[in-house]
Amino acid sequence: MSQTGIIESKLPGDPLELFRHWWADAQDKSGMLEPTGMSLATADAQGRPSSRIVLLKHWDSRGFVFFSNYTSRKGRDIHDNPHVALLFWWDKLRRQVRVGGKAQKLPERESDAYFANRPRGSQLGAWASQQSRPLDSRETLQKRVEELDREFGSDPIPRPPHWGGYRVVPEEIEFWDDGEFRLHDRICYFRDGEQWRTERLYP
Ligand SMILES: Cc1cc2nc3c(=O)[nH]c(=O)nc-3n(C[C@H](O)[C@H](O)[C@H](O)COP(=O)(O)O)c2cc1C
């Protein structure tokens, strides 16, 4: 059963405004384990898709930010094809949000600032992991972390050049709200220059 339903006359012109309400509900009320988790779908240069979960670390009117390894499979996909899709499924609220847009690397200083505030263990992990490459054993990774720990000593750990943020600049956002008898609400926002156009879709 829908918590609120979506009523056209009350829809904000800016989808980020509606996202702000749904995001707040997901963080505050849902009691879900990882409400910041979202699926990120990419496609490679041949159009072959792949998806995985990443955490949304920041969002604002410019877009949705997550952090990763730039040389990972997703990083290589985004390099070749910046079109991506994000998907939130907030099960306790029975709501889904789909975002389509283009991913772009965050400015270096923004990635630096985020990295500087990460726990030291995560900073070492970012240096040690060649994300998505074959690894012969867990021990190899563990040893590499220990080596790096000794090398950096008590110095602050800089951000590795292969690690940083992406901002997904939305071109469309769909809000899906569970309705009775599968009569769900689906409201799509499409970017139209500086404005957004909305459309209701059949469920
Ligand atoms: C709950 C959860 C959160 C995750 N958060 C991130 C994240 O923020 N960034 C990231 O690179 N990988 C994250 N991962 C790991 C990814 O799902 C994925 O395994 C990894 O990024 C490699 O993906 P790729 O080989 O497609 O590039 C997370 C996994 C889970 C299950």
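Here, residue 1 is simply the first one shown, and the rest follow in order.
Each Cβ is built from the backbone N, Cα and C atoms, and glycine gets one as well.
Automatic, uncurated: that is what TrEMBL annotation is.
Under the heading FMN binding site, TrEMBL lists 52-57, 67-68, 73-74, Gln96, 131-132, Trp176, Arg186. Phe67 (FMN binding site) counts 19 other C-beta atoms within 10 Å of its own C-beta, drawing on all protein chains shown.
The substrate binding site annotation in TrEMBL covers Lys57, Tyr114, Arg118, Ser122, Arg182, Leu183, His184. DSSP classifies His184 (substrate binding site) as coil under the three-state reduction.
Restricting the average to the domain 'Pyridoxamine 5'-phosphate oxidase N-terminal' (34-148) gives a pLDDT of 97. What TrEMBL lists as domain 'Pyridoxamine 5'-phosphate oxidase N-terminal' is 34-148.
Per TrEMBL, the feature domain 'Pyridoxine 5'-phosphate oxidase dimerisation C-terminal' maps to 163-203. If one looks beyond the domain 'Pyridoxine 5'-phosphate oxidase dimerisation C-terminal' (163-203) by at least 6 residues along the same chain, the residues whose Cβ comes under 8 Å of a Cβ in the stretch are 1-6, 8, 11, 13-15, 18-19, 22, 57, 62-70, 78, 84, 86, 94-106, 108, 110-111, 114-115, 126-127.
When the Cα of His184 (substrate binding site) is compared against those of the binding-site residues Arg52, Leu56, Phe67, Arg73, Gln96, the shortest separation belongs to Gln96. The two recorded residues, Arg118 (substrate binding site) and Val54 (FMN binding site), have Cα atoms 16 Å apart. Proximity of the binding-site residues (Arg52, Lys57, Gln96, Ser122, His184, Arg186) to ligand 1: a Cβ under 6 Å from the molecule is found for Arg52. Spread of the substrate binding residues is 44 Å (greatest Cα-Cα distance among Lys57, Tyr114, Arg118, Ser122, Arg182, Leu183, His184).
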